[in-house]
Amino acid sequence: MARLTKRRQADTKAIQHLWAAIEIIRNQKQIANIDRITKYMSRVHGMHPKETTRQLSLAVKDGLIVETLTVGCKGSKAGIEQEGYWLPGDEIDWETENHDWYCFECHLPGEVLICDLCFRVYHSKCLSDEFRLRDSSSPWQCPVCRSIKKKNTNKQEMGTYLRFIVSRMKERAIDLNKKGKDNKHPMYRRLVHSAVDVPTIQEKVNEGKYRSYEEFKADAQLLLHNTVIFYGADSEQADIARMLYKDTCHELDELQLCKNCFYLSNARPDNWFCYPCIPNHELVWAKMKGFGFWPAKVMQKEDNQVDVRFFGHHHQRAWIPSENIQDITVNIHRLHVKRSMGWKKACDELELHQRFLREGRFWKSKNEDRGEEEAESSISSTSNEQLKVTQEPRAKKGRRNQSVEPKKEEPEPETEAVSSSQEIPTMPQPIEKVSVSTQTKKLSASSPRMLHRSTQTTNDGVCQSMCHDKYTKIFNDFKDRMKSDHKRETERVVREALEKLRSEMEEEKRQAVNKAVANMQGEMDRKCKQVKEKCKEEFVEEIKKLATQHKQLISQTKKKQWCYNCEEEAMYHCCWNTSYCSIKCQQEHWHAEHKRTCRRKR
């Protein structure tokens, strides 16, 4: 049955200050009475004696401080009974407490509502309308228990995702471990009901003890709860714990948004941003203020804003107004973009992503990849062996054919070096006719044979000279064309290299400027903080100095005598409480009233 009860009332930070005061006083072999405790709290922590007394009485009611009657054994109070205060010892069984003492939401004491399933307690005002108590006769479950009860998730899959989150929690919890290592403090368990830290959370993740993401989130919130209770809401440790919890909630939100993106962004395989998700993200052209349109994936939409993640090197996230979003099918020439090297790389990544979409290529787990690789390797090895077997006989047969007919093929002419666009000149037809006619007359007589040989030699020389001139001209033209093409290619390469260098220099310049601005801002903040602290110290010193001067003036004023008639500094004494600054004032006061009340002996 649900019920409201006051578990504790004292402030946790005040309790720790009181513990320190009692411990210091006891170490000095003195009784920790109310006077010594109030003096210590006023001197060290600036707490008013009335507030100290109130917090001390509440701590006694909460059982966090033990009150006894002690008899003094030395000094002015020897033999006199006086109230003394002690730290609680091990006689109290703290392990039997089933519920926390402080609200899980605001971390403060007071009247709380107790959960029937777990150790958590809440103030009624800290609960939303959905979780507030409706009927006191029925059992009540806290928001954490209700959220854990709703979810059912694959443990193996959840463990993979939670390991990424825990690894980031460990990185961010380094400062928390440096700043706060008091969980071994003897009084730690008097304030913290259920202790937890990042190594404990990691161990539970590795052992698969979490049943849902909400249960993991509850442990992260418990870490924040314990830190605020033990170190205080305004402590540096509490700020680190808040940041750790906020980052953990952000990681869980990203996981719920898209599990594929969350896994790939943490595992970071090659081309991880190009793999399609299930379901696929909408592809758009997004335009940030001060930049042109850039290819991006839509992560979520909220009101008139669109959360996108850009293609490119850094894969940055941004909220873009919906009017600055264009569909990916829009013609790129209508967008008027500046085609820098970074933009081209982003478009290349977009094309690869679209190709993966067309091919239905999704990211697979390591076990599936190993199976496919083994199958492919076995198939490739078998095909390579078959290829070797089929190729070896062909090579031997070719060698036998070459040994039988070594000179069957004629050498190719030099015209093979000319490109296919050139026209190769042919031999003149009349020369071929002369050579044929002379060859047919060889059988008739020897004198015509000699004439034919001389004619053929002359014609062959003329043909060779004509071919040489034409081929020389063709090769010269081809050489000039190659030079011009080479020049144009060189200019293009140089131009692209200059553009790349310019874009890289602009990027480095922008990063340097941003870094310098951030450093200057940090330095300015540090200087402002120093100036504020210095002004505050000077102000306090000035107040102390003025108070001292005022006290001295009051003391000097009290030591003087003053005229009863005009209140100026007196010079003439009349009687026990009457003095005057001049004879005139004495006479005026004497005739007015003093002659009837003067006690001076005459």
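Backbone N, Cα and C atoms are what each Cβ position is placed from, and that goes for glycine too.
Noted in Swiss-Prot for the protein shown:
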type: DOMAIN; residues: 6-82; note: domain 'SAMD1-like winged helix (WH)'
type: ZN_FING; residues: 100-148; note: zinc finger
type: DOMAIN; residues: 149-255; note: domain 'Bromo'
type: DOMAIN; residues: 280-331; note: domain 'PWWP'
type: REGION; residues: 366-459; note: region 'Disordered'
type: MOD_RES; residues: S421; note: phosphoserine
type: REGION; residues: 452-572; note: region 'Interaction with human adenovirus E1A'
type: ZN_FING; residues: 563-598; note: zinc finger
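Across the domain 'PWWP' (280-331), the prediction's mean pLDDT works out to 89. Secondary structure of the domain 'PWWP' (280-331) per DSSP (helix as H, G, I; strand as E, B; remaining residues coil): 3 helix, 29 strand, 20 coil. For the domain 'Bromo' (149-255), residue counts in helix, strand and coil come to 81 helix, 0 strand, 26 coil, using DSSP.
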